Every structure is written in structure tokens, then in C-alpha cells.
DNA sequence: CGGTGTGAACCTTTTCACAGCA
DNA sequence: TGCTGTGAAAAGGTTCACACCG
């Protein structure tokens, strides 16, 4: 329950403070709040209301307040939240007080872009090493990092204390890479390959699949088209297969 | 309720077959099922059980069955689902029976990679045009497409019937680009810029923020570290700061 | 008075467990 | 017998509305 706390009761030793298990949904939104807060800080705001921050983060204020209350955060009634303090709190909870080392595997089209993406560096991470299995790519330099052969992974992972791996290989190679990452102690993986990875308990995987995002949008397009089309038309029967599947693949609705 | 349809009860007019509003959670998983089904088809499977498909897609079988039943899909009891049929159904529902034209705006580091990503082409989309506001980049050729100046957007959007836009610009430019896209009739946007976009009702936006994904993983790393650290320590009260926030920013747990 | 923190209601999603069909 | 389809229960998330504090 109460994450509440009274100042003046500092914790001891290597102690890690209550990292109460926040709801996943909340965790997923904290980074968004953090980004919004950094913007506010840069524009000189010292304090912000739940309403203001909610707008900046694209959520509603009730949700935001509930999320922040999970961290035991203190706002000031009648005033709002202290921007700087909240940044510290969220960064602490997200474990961003240390700059985490990340290994990126697969320096093809997408991997190349990721290696050069400065958003990682500016938001708490350090790409510590780049790997590829293709000798053609080994030795290439990207952003001051030389691409290493994947066989170097064990050595480098140890040297750099790498706990997070990013997979940007083709799908066919992804599971093997995941196994290699896990073998060297990586416990969090961000997977850009379009495939399901299986990993042991205790290892977290998040997946980003660009085509899937578009397909979800496509569904909504399809839906919108069908809605606008319905009212209009007088036309022929194109329809209703069992299961709601059209036989005639039809040209998307009408209107557009 | 029943999305069910009985054969022989054809629907009328410009009718688009049942595109009942599926739960968002289901919509978000359909593309994953589709990918898994394509894999199965390629490896010669003609039929698959809910258990089998669920494994391939990384979900549990109850969820999968419920999802598919939403589409009114027919499996065969005691047998499973027909792979080819299910592919057609899902592609239909997702609106992938037509190859949708996509405009990509922002051909920097990330945009460049997206322009070259063949996953879009192979999974139902056609990148129809590339835009950038920087004259330096206009004229560059990527994958047989020439980068156009953003001012050309209105003309090209009309010519190519573009309904989906991808924003891969810096955050500062993203809202303006979104406005421009909306102005030319785009109703779905995939946003890679780390910012919130505001768009009119009826326009769908999905966001992909690479740093956020890492930050979510970072939270779990932090959490795991704190858990493994706890048991170890003998003693001291490590705990419960008010608000669960450490005053002392402490050095991440111990281990690592 | 303004705005946070939060119980309670509501809705969505997941999971369970089994009836019923091939 | 095997596996789908689905009610019903459980869990998780969101929204409401307001008590309470600065």
C-alpha cells in the first residue's frame, strides 16, 4: 500500500529502495513522462500540474496522477509537481542513474541506423559495442565504434558489463543471437527481428516490429474506409462470406 | 456479438463485410499470427492447432482461440485451422489485400534505414515517396526512390493516394509534418519522433520510440538487480523510504 | 480555491474450464 | 478422442468524483 514516506528516514547500505512492482502499464508510461518533464525543464518550468504534464505526455490527468502516486511521489496540493524532483524520481525508478551499457548485434540496414541514433546516448544508454557475424562488416567504424565479430561477444560483454542487448539481425539469426546474449549474461533484450524469441525465465524481451505497426494502422484504415463507404453506396453485393471474409477481394470500399 | 455469418445470407450494397470492431488487443496480435502463419505455410504446414500457432506466435492458446473466434474464423474441432484460409482471413481483416502506399518523411539516420527496410515491402506496403525538408537530401536516391522536398507532398499524396505517413524527422519538426500529412488526407501516422503529436479525430497515430523501449528494459534491470541484491545482504534495514524513493541516490544495488 | 491523492465504479483483457462438434 | 469455441471468473487498467490539504 502506502508508498508514503517521511523525510528523515534515510536508508542504509547498498540498499535498494522499495522498487515496488509497478503495474506494467505505468512503467511503460514513465519514460514518456520523463521526456515531457525534460522538455518542461528546458523551457524553464519549475513546477507543473498533473493537467499540464498529462497534456505534454499525451495522457489524461487522472491516469497521470495515479501513475505518479504509485511511485509515492509528492506533488503539492494546490500547486503541482516539482519538475526537477520528479525527473530525479523517475530516473531513479527506471534505473537511469547509471548509464547502462548496451550491445547491438546486427549492423545491417536497421542496425546501422540504430548504432548512429543519438537518442540512446542522450537518454541514458551507451552503446558499448557493435557486433555482426558477417566478416564483410567487421572492422567497419560507426560513430567511433568498430564493428566486432560476434565471436568477441563473451570477452566484450564481460569487460563492459553488458546487461542489455539489441538484436537487429535478420529473423533467421535472431534466436541464435539471443542464445548467445543470454549465455554471456544479458538479461534484457530489445528485438527488432520479426520473430518470437525464446529465452529463460528472468530474461526480459521487448519486441519492436515495424511492419506490425503499419499493419495495425492498416486495419484502422480498412475500418475507416468501410465505415465511410457503407452509408454511401448502392451497389452490388460484395460480401459476406462465412466468417466475415469476403470472397471477392474487392477494391477497398468506395469512397476513400 | 456474433460475427458469425451464415452462408447464403449475403449482405447488400457497397457492403464491406463484417469488420466488427475487434478489441484493440486482438488487432495488435493479428499481425503476429499472420507472420507465424506465413512461416508455417512456407514449411509446408496445411493445418495448425491453436496450440501450435500460439507457440509460433508467442502467446497462449486460449488467447489465440479467443482472438480468432472474434473474426468468426472457423477452425475444425479435433483438427485445427487451415493455414491458407486463416492467412486470407487475417489479411483481409487487416486490409492487406491491397498494397497500401506509404509516404516516409525525414530521411536522416533512421529514415534512411526505414526507406531501405524490405520488411515493409514484403508485408503489404509500398513506400511510395520519400520526403525531407533539407535541400541537401533532396534528390538523393534510396532504393529506386528519389527524395523529394516536403513541398511536393500535396501533389504526390494525391497522385499516389497516400493514406499512411511515417514520420522519421527530429522531434522539433514532427508536429508540423503531422499537420502537413493530415492536410493532404493522411489518416494514419506512424511516428518515430520522440514527441506527442496532436491530430484531429479520425486520424490514428502509433508511436515507436526506441529509447523508451530501452528505458522500460532498464526498469526491469534495475528491479532484478534490487531483488538479487536483497537476499544477499544481511542486514541492514534497506527499505522503505517514503515514497519508495531513495534519498540517497545510491549506487545501483550491489552485485553486477 | 486549486490541485493532488485515492477509493470505488467501470471497462478491457486474460485465463479457466468445459460443452460440443468432427 | 482431440481440439475448437465460448461462457464465466479473475485480473488488470482506466475513469470518475471527491475528500482533503496547501
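Glycine residues also receive a Cβ, built from the backbone N, Cα and C atoms like all the rest.
Taken from TrEMBL, the feature DNA-binding region covers B:32-71. Here TrEMBL flags B:106, B:107, B:108, B:109, B:110, B:111 as NAD(+) binding site. Here TrEMBL flags B:95-196 as domain 'CoA-binding'. Here TrEMBL flags B:1-20 as region 'Disordered'.
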**Request:** Return one of helix, strand or coil for residue B:111 (NAD(+) binding site), based on DSSP.
**Result:** helix
**Message:** I need the least crowded one of these binding-site residues (B:108, B:111), counting other C-beta atoms within 10 angstroms of each C-beta.
**Reply:** B:108
**Asked** Do the binding-site residues B:106, B:107, B:108, B:109, B:110 include any whose Cβ comes within less than 8 Å of a Cβ in chain A, and which?
**Response** B:109, B:110
**Message:** Neighbour count first, Cβ atoms within 10 Å, every protein chain included; then name which of B:107, B:110 tops the list of binding-site residues.
**Reply:** B:107
